[in-house]
Amino acid sequence: MISAIVVAAGKGTRMNAEINKQFIDLEGKAIVLRTIEKLVKDYLIDEVVVVIVKEEEAIYNEKVKPYIVTDKKVKLAYGGKERIDSVKNGLALVDESSEIVIIHDGVRPFFSSQDIKAVIEGAAQFDGCIIGVPVKDTIKVVDKNGFVFDTPDRASLFAVHTPQAFKKKALIDAYKNYETSSTYNLPTDDASLVEHNKGRIKTVIGSYDNIKITTKEDLVFAKAILHKYKEEE
């Protein structure tokens, strides 16, 4: 069994909108609805757990829940203080028989079925599999005063997206280790937890279209991507 957790409990302060970014309308549908629709339609996914801010359940029930058409289980979990807490709450609702868990950003609706298939296959072979794209820009490492002290080789850099898939046991073990360890910085993705727990993570190449919609500029790009897809249909 394969489960997907949709992380949609972010505050979205960078969007500077009246409602949180996941519920913003994108050409007639809430962004997170577009994400959930693609996941429930994917034949490889058996259930979906959506993680939202508890106080936003009413808006979820208005803008998202009525429009999810599926026979699959769609469960609702509440977010925590940090992203890692939200994923943990979603993980607690995953079916006991699930073997692979996919973690996906609620505001990243432009992933493909090929992306899902690729990360599942990678997770089945290793501890986890993440999708992303080669970095186009030169990256500088700077100190707290803004001075450059290193320039990593761009050829070895990978801008990581979601979906990310993991063996459920590897993910649960990584979360348990995080809770008992004092050597972690706050992780920004789940792969870093599994890495820290000595897990082996495979990478696969995704698409530059698979953007995370977190700013007003991203919303402009998202509309352009959506129109491009419609023209290709």
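Numbering starts at 1 and runs along the chain as it is shown here.
For all residues, glycine too, the Cβ spot is worked out from N, Cα and C.
Here the structure is a predicted model, which means the values were calculated and not measured.
Lifted from TrEMBL, the feature list:
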SITE      Arg14  site 'Transition state stabilizer'
SITE      Lys21  site 'Transition state stabilizer'
SITE      Arg154  site 'Positions MEP for the nucleophilic attack'
SITE      Lys212  site 'Positions MEP for the nucleophilic attack'
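Neighbour counts of Cβ atoms within 10 Å were taken for the recorded sites Lys21, Arg154, Lys212; the minimum is at Arg154. Cα of Arg154 (site 'Positions MEP for the nucleophilic attack') to Cα of Lys21 (site 'Transition state stabilizer'): a distance of 31 Å. In this structure, the CA atom of Lys21 (site 'Transition state stabilizer') is 10 Å away from the CA atom of Lys212 (site 'Positions MEP for the nucleophilic attack').
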